[in-house]
Every structure is written in C-alpha cells, then in structure tokens.
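**Q** What follows is a single structure, and I will ask about it in a moment.
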C-alpha cells in the first residue's frame, strides 16, 4: 500500500523553501534541488529533480517536467506538485510503481513559476485575477514568442529563466498546471486569425492521447462539464480541448515548448476555484494522484533509441529524427539518444545528420509502450 502525503496546506514561499530543502536533505539518493533563476522580486525559481541518479542525464532515459503556479493565484498545481514530491520520495524503494517511475525517468518538478504573484494572491479567490501576473504585472502565459503574433510585452525574468531551462535539458514531455476550469488543453493555443477555432498541430493525435491519459484518471474532469455554476455552457468531451478552440492564447508556454524544443507540453486546468481553502487540498490530491502518475508514464510511449556513428559507434549529437507525414522533427541529445512520442501505428522514420547518409526504417508502434529503434549512420 503506497504511503499518501500528509502535508496538506498552503505553502508560502518560505514554507515551500523549507519543504523542498527538507526533502532534498532527507532523500539525497533520489533528489536534487536546484534553481533555474530568480523572479522579479528575486525569489528562486526552484526545481526538484527526482531520479535514481540525480544530477546526471542517463543515456537513453527520457526527461519529464511539471510546472505549477505560472499564474500566482492558481495555487492547486503548486500544492499538488509538493504532494507529488512527498509521494515519490516516501514510496521510492517500497512501492513498485513509484520505484519503476523514478528508476526509468528523470523527473523535474517546478512547484512555482510565479512565486511573486503567489504572495499577493488571497485564499478563497474563486475566479479573480489578483496575483495572476508577475511582479511587473505581466501575464507569463502571454509572454513567450509566438508563431502567429508579435508579443509586444517585454520578456520577463521568469519567462527567460524557463526558456533557458528548456534549452538545457532534453525534456520529452511536460504539463503546465493551471486553475479556473477542469480540462486538459493541448496545442495549438492560437491560430492566425486570432479567433476561437480548432488549431491543429502536426502531432494532434499524440496530443489528444496525452490529454486523455490525464483526464480519464480524473473522474470529474473526464465527465466534461466542469464549472456548471461559473460557466454553465462549458462542455469538454472527455475533459480535453484544443487550446485555440476554447479560446486564443497568444504567447503561451505550451506552444513554445513544441515549436522550439523536443518537448510536448499540455496545459492542465485543475479545478474551477483558483485558490481553494486549505481543507479542500486533500480532495484535489485524491482526484489527481492517478492522473499525475499516468501522465508521467506517457513519456515512455512511442519510439526512442540512439543514432550512432558507424565507424566508432559513438552517439551523434543533434541528429534529426523525422517521421514521414508528421512535420515535426526531433533532435538527438549528447549520447545520440532521442525520444519521439507517437500513437499506435506504422511509421517510416528517418535519421539524418550533417555529413552522414540518412537511414530510414519502418517501425511498428503498439498501444502498450515504447519501442527502441537505433540507427547507425555512415559518413558520406
């Protein structure tokens, strides 16, 4: 029987810092606490890495991240991520599911991307905006470079810190935790006209599967009519939605991930109330515990492997993996390792690198898990 978290309360910055340091100190063999930068008011943007080899990228092991509290008054994600840290630490080595997850995945958890906004927000805020923005009063989820619109707000320190973090690690999968509705929102988040229509990414099928992997473990979310009292007409079949079809978000973080890194990110709305009372928090953990774990497991779906040099057998960095008919190549990391999320099907996959002859393989992906596909390239 897995041990459940007990620390259910709202953690202000100093409490969160104490919590993170405590778990980093108590579980040094599976944790590493680091910061990716500072907020406007110079609070650390902490990340807890949970892995069986903290601080090290293991060749072939995918990297995963959760980001919470990007909007400072949307606090459920922040607390769930602290619960998740506690849960993973306390169950590693005893619970087989947690042990397997931590041994096979390098997990990075950022409980708060907007610690300044959080300090301004108020417990009991249902649908307000106080504390949503950062200290310079900019919305961080409208602050990333956008494919369709020129973002005119100056780039914020929190945004820049996260962008450089995303360029530092080979993240494969991510979720950005928000509040104010109950749905998993997937790319694209906007479209050329800036109107509410379905804006399909090349990996629409993958994103739908990822979104469903979360929503179907959350009974209330999966039912699809989340906030009857606040938004009576809102209906999301199976608790998922294309971002732009719901409403336009130019400058959002999830699309930037997909368009500028190898990482697939979705945005998860965890509940209709943005800052619920502390006594509600155990209920949110209960509703989302399975979803949070199932979503991490999705990082192992699709294909993964190595692109190697035929002469010396070394990994080739920055080789390109492209899948026929899906316009979204991914690149290899320093050991020549790559991960490409895909749904069930048959694919033609090509590995190419500068100065080498490309190699194409036909690959069968089943519904269960990941298939290892290695490529050996010869110099031209």
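Note that Cβ sites are derived from N, Cα and C of the backbone, with glycine treated the same way.
So Swiss-Prot has the following annotated:
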ACT_SITE  269  active site, proton donor/acceptor
BINDING   71, 74, 178  Zn(2+) binding site
COMPBIAS  117-126  compositional bias 'Basic and acidic residues'
DISULFID  227-272  disulfide bond
DOMAIN    9-299  domain 'Peptidase M14'
CARBOHYD  133  N-linked glycosylation site
CARBOHYD  318  N-linked glycosylation site
CARBOHYD  374  N-linked glycosylation site
REGION    112-137  region 'Disordered'
**Q** Hey, what's the Cβ neighbour count for residue 318 (N-linked glycosylation site) at 10 Å?
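**A** Excluding its own Cβ, the number within 10 Å is 12.
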**Q** For the compositional bias 'Basic and acidic residues' (117-126), could you work out the same-chain residues 6 or more beyond its ends whose Cβ comes under 8 Å from its Cβ atoms?
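**A** Hits for the compositional bias 'Basic and acidic residues' (117-126): 10, 12-13, 69, 71-73, 75, 78, 132-135, 230, 272-278.
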**Q** Let me know the most crowded of the glycosylation sites, choosing from 133, 374 and counting other Cβ atoms within 10 Å.
**A** 133
**Q** On the DSSP side of things, how many residues of the compositional bias 'Basic and acidic residues' (117-126) fall into helix, strand and coil, could you say?
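**A** Grouping H, G, I as helix and E, B as strand yields 4 helix, 0 strand, 6 coil.
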**Q** Quick check for you: of the recorded positions 133, 227, 318, 374, which have their Cα within 10 Å of the Cα of residue 178 (Zn(2+) binding site)?
**A** none
**Q** Sort out for me which one of 71, 178 has the most neighbouring CB atoms within 10 A, since those are the binding-site residues we care about.
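**A** Counting every other Cβ within 10 Å of each candidate, the maximum falls on 71.
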**Q** What are the other residues, in sequence order, whose C-beta lies within 8 angstroms of the center of the C-beta atoms of 71, 74, 178 at the Zn(2+) site?
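**A** Sorted by sequence, the hits are 69, 70, 72, 73, 77, 132, 141, 177, 179, 180, 269, 274.
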**Q** Once near-sequence residues are set aside, which residues in the chain of residue 272 (disulfide bond), 6 or more away, have Cβ atoms under 8 Å from its Cβ?
**A** 126, 127, 179, 180, 181, 182, 226, 227, 229, 230
